[in-house]
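Notes follow the structure.
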Amino acid sequence: MSIELEPSSQLAFRRPLTDAIKESLIIRNPTQLPIAFKVKTTAPKQYCVRPNSGRVEPGQELEVQVQMQAMKEDPPVDFKCKDKFLVQSVAITAERELLAPQDLWPTIERDAKDQIREKKIRCAFLPPLGHEITQIKEEELEGTPSPSSHVTFSDSVNNNNTVPASPVRQAAQQPLSVHTTTTTTSSSADMGVLKRELESAQETIHNLQSSVERLQREATSLRQRKPEAGSSSAPTMTAVHLKNNQQEGYPITYVVGAAVVAFLFAYLFF
């Protein structure tokens, strides 16, 4: 049984990365024997770890401070950090208790390397507070590196001196896809009003046409009537009567309606 880590798989550093950032790594010992540990990293100049090695008693835990040195500038938003930490641990048996602290790990690496347990932790850069946090996929955290890939871990720095920040790694910039939403102004309300006005105009035209046809039939009927016998003024009276009928057949409302219809047709179609 090996040690337990908190966090177990990812150590996150929140932007801005132009400031030094300190995070904690908890090492717990759930076993019945003391455990010696050592912390390594792939970027020893970028991180300062205190303590970078030590001892955890049975059932106890130890807090390790990991400080990332300030960068000259923030990396791109889509930059994926590839830094990793390796935590090695081994049980301290009775015979190993007799070894001096500086001789413990060299002796174990020489004589009992197969007893060393290792746990890896990835580093991640989080956006500032108030922004959406990008989660790293679980399968990426637990993924097994390909046989061709090789990661080199070095002993982490254990001091308070200022360490020059490593240059910001340049990430390949993928072209950003800009999605433009075209907003189309709907004119359905205006079209509905125009349709209703057109239907009203068509109905008025139909009524006018019916009235004209009726008047034409009445005029034809009057023309076909014969003059009344014995009255010399009958033709004149008939003509006057017909003229009056024709005047009564075209009231001012029809004239105004026709003008409105003509205006609507000119407004809608020209």
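The backbone N, Cα and C atoms fix where each Cβ goes, and this holds for glycine too.
The domain 'MSP' annotation in TrEMBL covers 2-126. According to TrEMBL, the region 'Disordered' annotation covers 140-188, 216-236. The annotation compositional bias 'Polar residues' is assigned in TrEMBL to 145-164. The transmembrane segment annotation in TrEMBL covers 249-269.
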> What average pLDDT is reported by the model for the domain 'MSP' (2-126)?
Replying inline: 94
> Do you know the DSSP helix, strand and coil residue counts for the domain 'MSP' (2-126)?
Replying inline: 18 helix, 57 strand, 50 coil
